[in-house]
């Protein structure tokens, strides 16, 4: 990052070396501005790019590395081809720059202050894994420095009111549209016994709408580089509709037949079931024994004398999950417990009665499958606990909720033995009494998630078949009766593999389009003030009709990509996993509906934010899929971050501008 910035500054210095003018003495402001602009672009990449690929990563359609590669390509292309138009709006649309005539150096200092304030708050939000609007950041920072430099004169307060309105309009409109779209997808495709025929029939329509909406969004920006600024709105509309129809025909005659054959081949190669493709993993695992003897255990059993009386079976065994506050607070909570403190925890108790104690000498450790109803039921209870993730009665071993889908262990039914956390590993013992000398330690044998789920169900029956004295799940301060209804409600949430094959490329396509449009729109958040700084320095006047230099847009695009690779995973994790589980079908509904909302609302004059639209869609679809799967506490934190974005970025910018105005300049 430092080398790229220094190289750009060197080139810039060479270009302006022959320029002489009244602002030559303020070249240091230009250099500082380039450095801060790159940091700002870095923060935009770390935070805002999650809007495009967060749901795609969360649904498993692409890996994080693949998302970073695709986003780097399309963000850079979008910033170069589309960024010039939007940079003009950021440069001239918030304040009246004519007020700074004859005091151009004050506007230069203000641009540096605005970039600094926006960068600091976006980096802080990225650290906290909170998606915020980069546009609102730079607008708040611009207003902040203007209030210090010129007071309320020249500030366009109507723009600020539009921003406040967008906090509520954006998530509401996009959420409603996403929920409606997903409702029809679920009704006519997902809930059918065989979803493939209806899915194939709907595929051309989905592709046509996706291509048409995204093409219209890109062309309507009027990018000068591509000549779109010369097209009338009706011309853009006709081109978009025509391109969508052509796409639908290609998909119907070329893509659908090939996809149908591919699905049929997958179905034929697997045993018949409700979800045939899922059985392939079972068939592969059936060739290898899952439970193997443990050498240490065998030696202990062989050395034991037959005269040793067997220990009486315990009447009840209980494992308690102490659930802490958040991933970042795990270590803090555990330290507090070590120091004798009492961190705030809630307890999830799993009680296993003696009816199912294994007699074959094995203790089984089951990993919960990410798409099982039991996993989602536990996920719901952890969310409602509103506290974090420490496991074990003493907080010995923290569970990371967001590390992977296998972090909620020991929640599966069929849990055997008494579990005691150790420093190096967890072992299962025959009895929970630590003082009894004859207790034998048994190693837990890890199973793959889907196989362990099937084995547990085969051994113990479905959760409905188990009595209260055998396996129960209860939670302090929560109605235990909600477990059964939540489990039944969430069983049909996961997409069948056939459905995933239908929607996965659609979701990748919408994510790429979104990344391209995002590069054109949000590069202005990083480069808009820098463009103003550069043009003022080069021309010596605040009134400049010069076009935005392409190399400045490329500079911002590179900074965005660096931020994405270094720190982008944090907010991607929030958008794709933490708020609610995402599937390919729900991810596609989120992407398409939020894109439609942005295009329609922007063109009828309603203030919307891409970030707010995407978060609203994620929450609405997650709530529709499962009433209890949305982390409402996290959504509350995100909304509070939206609320303080403009004031905080404005205050930071105002403080830096005051330093410039009263101390440095």
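Quick reminder: no glycine exception, Cβ is built from N, Cα and C everywhere.
Feature annotation (Swiss-Prot): of 403-422, 423-442, 443-462, the stretch labelled region 'Disordered' is 423-442. The feature transmembrane segment, as given by Swiss-Prot for the ranges 26-46, 131-151, sits at 26-46. Residue ranges 294-345, 346-397, 502-553 are listed, and Swiss-Prot annotates 294-345 among them as region 'Disordered'.
Here the transmembrane segment (588-608) has Cβ contacts under 8 Å with residues 55-56, 162-163, 165-166, 169-170, 173-174, 177-178, 180-182, 185, 206, 209-210, 213-214, 216-217, 220, 503, 506-507, 510-511, 513-514, 517, 582, 614, 616-618, 621 of the same chain, all six or more residues outside its ends. Contact count against the transmembrane segment (548-568) (Cβ pairs under 8 Å) is highest for 26-46, out of 26-46, 107-127, 638-658.
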